[in-house]
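Trainee: Dumping what TrEMBL says about this protein:
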DOMAIN    177-235  domain 'Protein translocase subunit SecDF P1'
DOMAIN    396-496  domain 'SecDF P1 head subdomain'
DOMAIN    503-661  domain 'Protein export membrane protein SecD/SecF C-terminal'
DOMAIN    798-988  domain 'Protein export membrane protein SecD/SecF C-terminal'
TRANSMEM  518-537  transmembrane segment
TRANSMEM  544-565  transmembrane segment
TRANSMEM  571-589  transmembrane segment
TRANSMEM  617-635  transmembrane segment
TRANSMEM  641-665  transmembrane segment
TRANSMEM  699-716  transmembrane segment
TRANSMEM  821-839  transmembrane segment
TRANSMEM  846-867  transmembrane segment
TRANSMEM  882-901  transmembrane segment
TRANSMEM  937-955  transmembrane segment
TRANSMEM  961-985  transmembrane segment
Amino acid sequence: MQGKGFIKFIAIVLAIVCAYALSFTLVASKVEKDAKNYAKGDLAKEKAYLDSMSTEKVYPVTGFTYQEVKSKEINLGLDLKGGMNVTMEISLAELVKSLAGNPTDANFNKAVQNAQIQLNAGGKDYIKIFVNEFEKLSPGVKLADYFSNQDNASQLKPNASNSDVESFLEKEATSAIDRSFTVLRSRIDGFGVVSPNMQKQEGSNRILIEMPGVQDKERIAKLLQGSAELQFWQVYQVQEVAPLLENINKTLAATLKNDAPAAKDTTAAPAAAGSKLAGLEKTAAKDSSAKGGKLAGLGKKDSSAVRAELLKSNPLYAVLNLPIYQGQNGQQQLMPGAVVGMSLQKDTAKVNAYLKMPEVAAAIPSTMKFMWSVRPREGSKVFELYAIKVVSADGKPDLGGEAISDSRADFDQKGKPEVTMYMTSEGAAKWKKITAEASADKNNLKAIAIVLDNQVYSAPTVQNEIPNGISQITGSFTQADTKDLSNILKAGKLPAPARIAGSYIVGPTLGAQAIHDGLISFVIAFIVILIFMALYYHRAGWVANFALLINLFFVIGILVSLGAVLTLPGIAGIVLTIGLSVDANILIFERVREELAHGKNVGAAIKEGFKHAMPSIIDSNVTLFILGAILYVFGSGPVQGFATTLCIGILSSLFAAVAISRVVFDSLLNRKIEVNFDNNLTRNAFKNLAFNFVGRRKIYYAISTIIIVAGIGMYFKNGGLNLGVDFKGGRTYLVHFDKAVSTEDLKSKLTPAFGNETPEVKTAGEDSQVKITTTFHIEDQDIKTDKVVEDALNKGLAGSKYEIVSSQKVTPIIASDIVNGAFYAVLISCLFMFIYIVVRFKKWQYGLGAVIALFHDVLMVLSFYTILDGIMPFSLEIGQDFIAAILTVMGYTMTETVVVFDRIREKLKEAGKDDLHGEERNNLINFALNSTLSRTILTSLTVFFVLLVIFIFGGDSIRGFIFALLIGRIIGTYSSLCISTPIVIDLGSSAEKK
């Protein structure tokens, strides 16, 4: 075999990369094990230990910190870890009205309303729809009359055309989504979520947020949907605040001398969020370590005894450090500036608690309030404390976010990143006064704090009076920093409210159960495959098993190195990948056995077997990869997780099953080690088969027609398909009771609680667990609606012991988009399959026959779902996961069909003809079908058993999904043999008659 050295090189490189990627999980697990051993069950001590280790180097040689190692470990999805998935929708309707100054014009507001209705019905591009609606309602009226004003004159002229206004609104909408993303990210970081995942959904006004481990959905909803409040405050200098802090420290020491516990405050400073934001000509404050001194209390290595003593004598300074440095005279001095104190993240809650104690609060003047920096100092977990100066009698800031007309990320004359901020005419007048006061004393320049959500984003020092409202903020910025700060400044400019359009919550109990079920199904399926291959193919089977192990290692390693999220459907995808790898090996081994039957020696048979199997392997894997890619593009959440795993698994399977197994076979032959591909029991299996598939095709057509017609009948009888909440909109709650419950009793209790709207109540897996679905208040966009609905649920369930283990919310607009996405996914898949088959086999009949078979399979699966719904002891809802199953089923069909088409093409080539006709063609196709039957049955059985194992042991959450794949696997095998290829004959016959 040529290229063995290259294959070995690639395998070694991949192995090193995968081992390196997986090593982070092992290191993180070791640190967490040490934390558990240290804490001995005390969760607070365990968390404190891990916090203290966050900046410690724990990875050998490279010196990665625990925080860095943690960010690179295996990323578990919400269904495995528990947590909350939220889809935020930015209200572009409110943005448009606000940009126009909230006009009272009836036609304008009607256009806004109509555009929202069309968007809810599945329309795209709100701005374009709005402009079209406005032009219909107000022909000849210029939109510039509404949107052009003094503050945006540089961007939009008073005589601008409607198309210019549309472009302006598109830019503003994009900007609104960008700054909403920045604000939401800051709020999530401030909440302390570990490893959150946020992404803008391209082409829409939505932002997807995944928050592992979060369960307080009411608090999260309030946090995410609150309006942004940008403020500008004057700040005290540290020299002004230090005497107060000294008095507070003495007060605390006296108050706590009897070891009375301080009041608790859980409002800690936000978690680390990345890069820092500098100020206007801000000289970054350096800690004392930069000048030879030390900051007490900021290290993790202080002994418990020393810290306890420090807490008694200097309680405030034990958790809050003044910014000091060692002067030239050897004395410690205060670092001039706006930072009045510094604390580790874990100590910020203690500082907050101290400051809120009545004895301390009484000493703090009414003109002062404390705020933390939004991010820690770069490269540490140290947060900075600022003393905000309250000047106005009503407690309002010196300037609000409404004063900002625009801001943008720029570069100064030296090419360094900076932020340019523009004020409105009214804001500029106030800004002139504020900056004049702050810069009046050139020997003691003051700072202005930029605050959002009561967190200081930057406190730049004012260099001089700014008379025209145009300010440049400079500092040690990166381009990402300037973009973030620019978005923050614009966040208070105009309101673009964000609301929760969809959510999915998984409790920690359900997540732990999902991990257990997923691992059990994975291990059992893997063992079943290993045993089968070893028993059926003897020594060659062990070669396949070795390639299978390598493939598994590569798939998991690549997933981790790419930062992909591992979900329960993702685990199903990995298990399915095992089946795909086996499929390739079976194709090769069956061809090798054919060559051996023709009298060739083992070496020649292996060479020819690989050669003849390759076209089928490549064609079948390419078609499945195309489907996986389409699934990734049109799916979301767990469906994307499945698609990611599937695509990576396909590529890895090809390399492991084909390249690595070939290298192993050559190595065995070179060492004169005997290689066999069967045993006495399997040697003659599936030999001399002669089924007349072509002659009986009309019987198969009739069987399919009967099943599909029965499905259509059940469709009308049941009043349509059993659509899941992600296809029809609504809320779903998975509720576990302490004993078996009656779904009818629950329905009767919940109906009055839901305003006499009858919910859907179904048993979910076991008699003590139910799924409750309701559309109660699903159209209501009020921030309090989620709590109202959950209160109604709790009222209806009163008197029972229960736990809400998961919940999901999908608004109608999200549901509409999901339905459209599913439709296009299936349609585009069929189109790609048709094109690929026509290109590969040079005949449109093959492409059309394959596509008809795909539609046949979709209808068959849907028919079985409608017929069996209510009969099976688990839910057969049709949702996103069902679409994933349908597309996978289409992949199965194409895989099987392509193998048969390849064999037909091969036989035609041997006959030296482009095509055959009549009985000669029928005999050829029957021969091709029978000659591939052993491979078809074996691959179908292996994948079927893998799916059966997942179905039995994989847990309730994916049982419906796997059931669709099980049915699809059977239908796909039946379709490739009895439908798709015979259809090619009938299409060819019709063409001949014409």
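Going from the start of the chain as shown, residues are counted 1 onward.
Every residue, even glycine, has its Cβ placed from backbone N, Cα and C.
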Trainee: Give the mean pLDDT for the domain 'SecDF P1 head subdomain' (396-496) on the 0 to 100 scale.
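Mentor: When the pLDDT values over the domain 'SecDF P1 head subdomain' (396-496) are averaged, the result is 82.
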Trainee: Given a Cβ distance threshold of under 8 angstroms, which distant residues of the chain, six or more beyond its ends, lie next to the transmembrane segment (518-537)?
Mentor: 80, 544-545, 548, 552, 568, 571-572, 574-575, 578-579, 582, 585, 589, 677-679, 682, 938, 942, 945-946, 949-950, 952-955
Trainee: Are there residues at least 6 beyond the ends of the transmembrane segment (641-665) whose Cβ is under 8 Å from a Cβ of it, and what are they?
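Mentor: Answer is 1, 4, 7-8, 10-11, 77, 540, 543-544, 546-548, 550-551, 554-555, 558-559, 562, 564-567, 569-574, 576-577, 580-582, 584-585, 588, 606, 610, 614, 617-618, 621, 624-625, 628-629, 631-632, 635, 675, 884, 888.
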Trainee: How about the transmembrane segment (617-635) and the transmembrane segment (882-901): do they have 3 or more C-beta pairs under 8 A, pairs 6 or more apart in sequence?
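Mentor: Yes; at least 3 Cβ pairs under 8 Å.
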Trainee: Looking only at residues six or more beyond either end of the transmembrane segment (937-955), which have a C-beta under 8 A from one in the stretch?
Mentor: 513-514, 517-518, 520-521, 524-525, 528-529, 532, 536, 568, 571-572, 575-576, 578-580, 582-583, 586-587, 590, 686, 892, 896, 962-963, 965-966, 969-970, 972-973
Trainee: With pairs fewer than 6 apart in sequence excluded, do the transmembrane segment (699-716) and the transmembrane segment (846-867) have three or more C-beta pairs that lie under 8 Å?
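Mentor: Counting Cβ pairs under 8 Å, at least 3, so yes.
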Trainee: How many helix, strand and coil residues does the domain 'SecDF P1 head subdomain' (396-496) contain under DSSP?
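Mentor: Secondary-structure composition of the domain 'SecDF P1 head subdomain' (396-496): 30 helix, 32 strand, 39 coil.
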Trainee: Residues of the same chain, at least six outside the transmembrane segment (544-565), with any C-beta under 8 angstroms of its C-beta?
Mentor: 11, 14-15, 17-22, 24-25, 72-77, 197, 210, 526, 529-530, 533-534, 537, 574, 577-578, 581-582, 585, 589, 641, 644-645, 648-649, 652-653, 655-657, 660-661, 664
